[in-house]
């Protein structure tokens, strides 16, 4: 299984595909066609983005050994050191030189982009649980707008406005502002738009603003991951103008853009959705959507059968739809139900291969569930934030709006699929596998109310470091050991950057965790505070390095990928059990915070692991954890709470309760 990459969210940012038009597609700029009109073209910075650096080999080896230190005993560590030495002076050196040479020949991209696509698209495991994460929206602040039809209409219109704004080049470029008072201003934007694209990044850099890569954005819409034998393909058809809607496992399509590229009137979209919500067709006996949850080779074979049974046109409609809107017929009970429903549901009402599914339950609870190969959390989060803001601040319809009087029976097409016996058998097998797997997944969440970002920053501590330290203490308390831990960090500051790994388990967190968990009475509050400060400093350094492309994980991954591509026998470093162990990420963590996000989550990446989605808010800390039967998520969260209580006690000068 592969490390999950949600992201470490850089605040707001955007991206568009090759040859994307830089100005409106049509004269259709009537009211409500765009959600913003940026004076700086969306892709203005893309050409001048800096390239993702390949770290020096000696730096990578040094960082790798530092990350291994807390996970190994002395004997194991010495062995790993030997493997590293011979790698650095031998085959590793050769591979590194070849990687650097290859990178010089491919200046249009990054050294990680190709191998990363390969890794995702060649993986044969189901995309459900193994790769696809979800992010759930907060409710609309105006409660009557959470009516399912109203919210579905508003979310759909806002999503299409985003699509139009992006393609017209009118979406604000995604920029990380270190000094927004200087760079996030109309004056600066008026100036920078006249700087040629080949130089624009430097102009932003001078005012401490970092434009982010937007190359992933064009795959947000009209895109699907197609199952193929041994390696899947990403398919995009940006000419298609229809939306795919799933309800009760039935498939419907209707156009949301007209022939001139204008958005179909919101009242018509509302009428079509109302028609679909009131359709009394029963759920199909063999729900096709289960197939998207299958092993990729099995699904590839079944898809071929589906095509040759006369379903080619219907599948093309599914694959090319702007996105997939899933309307669920039940309300959400609580946060745990929300997580299960948005992460996997019952398998009948999602097309898991779509670049994203927008899921809306009966009570208006809404989430984005996305396929991960095409893009990372940064692109999805920008879309997410803009859609939330637009749909709540300038909604297209109100709860009182009357749907248009239009004949939806003509406009809305229900897709029917011809199923052979082999396909029916395939769907039944997929359902059985799906149901059995989902039964094994536990999800639980906690909200720690004693404090958050504000308090921790006053204590001069990194809020993220404290959250990560809590996970280390919790695992130590629960299982008595320190294990491989993964935190995703975006490298979108670079052209075609993806993610880098932060390794939160360090000698500092191990020492600090042992002090808090095993012998708190032996240390004064001051000593415990000092250890926390050391952890925070080191975590801050690791985070900065990762964001700057100076981690070790992607570099070692790319060298391994290169060796495999060249048919070179796998170097010993990669056969070392310690390498296997550090990449068996028992704690897989990812943080997301945004005023639009209620919570996010994903499954563990290994069978004996935890999937930890978390957010440190101003005055509270939220944590959403998943596990399989080998681990206890509820108990882990109790240990996380205990760790946070202990740390807050120490910071307030109190003694730790045993």
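Here the Cβ of each residue, glycine as well, is placed from N, Cα and C on the backbone.
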**Message:** Based on Swiss-Prot, name the residue from 499, 509 that is recorded for the same (R)-carnitine site as 486, 488.
**Reply:** 499
**Message:** Can you identify, from 149-178, 179-208, 209-238, the stretch that Swiss-Prot calls intramembrane segment?
**Reply:** 179-208
**Shell of the CoA site beyond 452, 453, 454, 455, 456, 457, 458, 459, 460, 461, 462, 463, 464, same chain only (C-beta within 8 angstroms of their C-beta centre)** = 466, 616
**Asked** For residue 452 (CoA binding site), what residues in its own chain, 6 or more apart in sequence, show a Cβ-Cβ distance under 8 Å?
**Response** 463, 616, 617, 618, 619, 620, 621
**Prompt:** Per DSSP, to which secondary structure element type does residue 510 (N6-succinyllysine) belong, with helix, strand and coil as the options?
**Reply:** helix
**Request:** Between residue 69 (N6-succinyllysine) and residue 499 ((R)-carnitine binding site), find the distance joining the two CA atoms and give it rounded to the nearest Å.
**Result:** 23
**Request:** Out of 456, 510, 544, give those recorded positions positioned within 10 angstroms of residue 488 ((R)-carnitine binding site), comparing C-alpha atoms, in sequence order.
**Result:** none
**Request:** Given the recorded positions 456, 462, 464, 510, state which is nearest to residue 499 ((R)-carnitine binding site) when distance is taken between Cα atoms.
**Result:** 464
**Asked** According to DSSP, does residue 456 (CoA binding site) fall in a helix, a strand, or coil?
**Response** helix
**Prompt:** Non-local Cβ contacts of residue 456 (CoA binding site) (under 8 Å, 6 or more apart, same chain)?
**Reply:** 462, 463, 466, 616
